């Protein structure tokens, strides 16, 4: 085309676009989210392609000024009716729900959105379904509750806050009852409820029927075999991330399956498998554990047959890692992490664990009386290769003295520490005596106690000269304590001996002498209150004078 024709075509369509907006006024009320998830047109074009076709110039043979009709066929009329479908199992996927709805003759599904727990991403058992006509919604409300979906009859309700709160309460009750009984929820038939299924079976606002990506891989589904087969275009659902109950031994992956490397970059969000849950009895890098079968567990590849039940769990489980699960065996050893309680640790010459690992989640192995599942060699004393702790027995010097004995101090260091301790002792005694003479016994006692603790914590506390300093401080402390508690009674006893008064008078004097300290403190507090009252009166008088002056 020539340049002039292009300019004419572009600016001539402006009027048509305004006519189209007036003709399809119902589109103003359509949410942008609904436009994205709406089904394709009859000609197989995506919504983006339709928008692009709207802006294409007409052909040369068309009349530009006549306002030709648009070449896009709109199948969505802008009407959208939302329903809640509840009483579903947690492993029900959007494909299952779509098949059940299509079996009723309803083909205008616009949206299926499952409500999920924020903590683990597990379905709450109800979903929001949007259809494009009133007849479809009535058909769903009448016929779908009569259909059985995974052993349960769905409940179809209108979309409002009342039914939403009812479904939320029901999901909380089911979660709490499952936790109280100590058992996980019932899993899908033919597989283990604790198997690590990839995420992607349940749609999050996607149009139902989307084929999942080809890079998904199923995890092990039981104690020793691959998961059950699923139909084409349908992925297995996700289990709860933290199922209660004792973990069992993992099974090998299906034959001929290649797992992606653990550090190959983050996958797409929709195709990302859920992070594996690690228990304290499971090495890092292995698939999640399945339930215990009735009878002896099958042998684990690469570790030999376990002779008995798994050891009890010790400590809290570590947080789920960001790596996909890997099978044991020839794929390589797990990452540099501390071993679980029932497996031997690395040899003493092995490198320490990575800095991002919290050692508190991986306690060292203890002798719990259970046989280990590995007999390749005696386990070392410490998983990090540290020397064994020194056992002093029930009696012996404390650890500080042992450190002093191991690393002897030089003469200069010893004299420096001793001079420091002497200065602390002399200053503490002088200050305590001055405080006690002023009547502040609490400050004097605190000063002496602090000095004693500082000298005891020094490196030369085991020396005889240091012990002499400590004993002098303790004698001063006892003297001040006895003086603070019994000063009044001593005065009265001396008066008794000098004046030989009667017992009644001595009792009176004792009570008076005991009350003198209290009266002294009370009088001081009263004086403080009087000063405060005087200050308040002065402030009030000043305020009054200021107000009077302003008038």
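Heads up, the Cβ atoms here are built off N, Cα and C, so glycines get one too.
Per Swiss-Prot, region 'Necessary for interaction with NXF1' is recorded for 1-213, and the stated evidence type is similarity to another entry.
Look at Swiss-Prot and you will find 81-161 tagged as region 'Necessary for nuclear paraspeckles localization', backed by similarity to another entry. Within the model, the region 'Necessary for nuclear paraspeckles localization' (81-161) carries an average pLDDT of 89.
Secondary structure of the region 'Necessary for interaction with NUDT21/CPSF5' (81-161) per DSSP (helix as H, G, I; strand as E, B; remaining residues coil): 24 helix, 29 strand, 28 coil. Residues or ranges marked as region 'Necessary for interaction with NUDT21/CPSF5' by Swiss-Prot on the basis of similarity to another entry: 81-161.
Annotation comment: Swiss-Prot describes 81-161 as domain 'RRM', evidence class sequence analysis.
Taken from Swiss-Prot, the feature region 'Disordered' covers 169-411 (among others).
What Swiss-Prot records for 169-180 is compositional bias 'Polar residues'.
Positions annotated as motif 'GAR' by Swiss-Prot, on the basis of similarity to another entry: 202-206.
Marked as compositional bias 'Low complexity' by Swiss-Prot: 207-219.
The compositional bias 'Pro residues' annotation in Swiss-Prot covers 220-265 (among others).
Taken from Swiss-Prot, the feature compositional bias 'Pro residues' applies to 285-366 (among others).
The compositional bias 'Pro residues' annotation in Swiss-Prot covers 377-388 (among others).
According to Swiss-Prot, the feature compositional bias 'Basic and acidic residues' maps to 389-404 (among others).
Taken from Swiss-Prot, the feature region 'Sufficient for nuclear speckle localization' applies to 404-551.
The feature region 'Necessary for RNA-binding' is assigned by Swiss-Prot to 405-551, with similarity to another entry given as support.
Per Swiss-Prot, the feature region 'Disordered' maps to 477-551 (among others).
As annotated by Swiss-Prot, region 'Necessary for interaction with SRSF3, SRSF7 and TRA2B/SFRS10' applies to 481-551.
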Item checked: Structural state of residue 525 (phosphoserine), classified by DSSP into three states -> helix
Margin query: Could you give me three numbers for the region 'Sufficient for nuclear targeting' (510-551), the DSSP helix, strand and coil residue counts?
Written below: 41 helix, 0 strand, 1 coil
Notebook entry, point to check: So how many other Cβ atoms are close to residue 525 (phosphoserine), meaning within 10 Å of its Cβ?
Noted result: 10
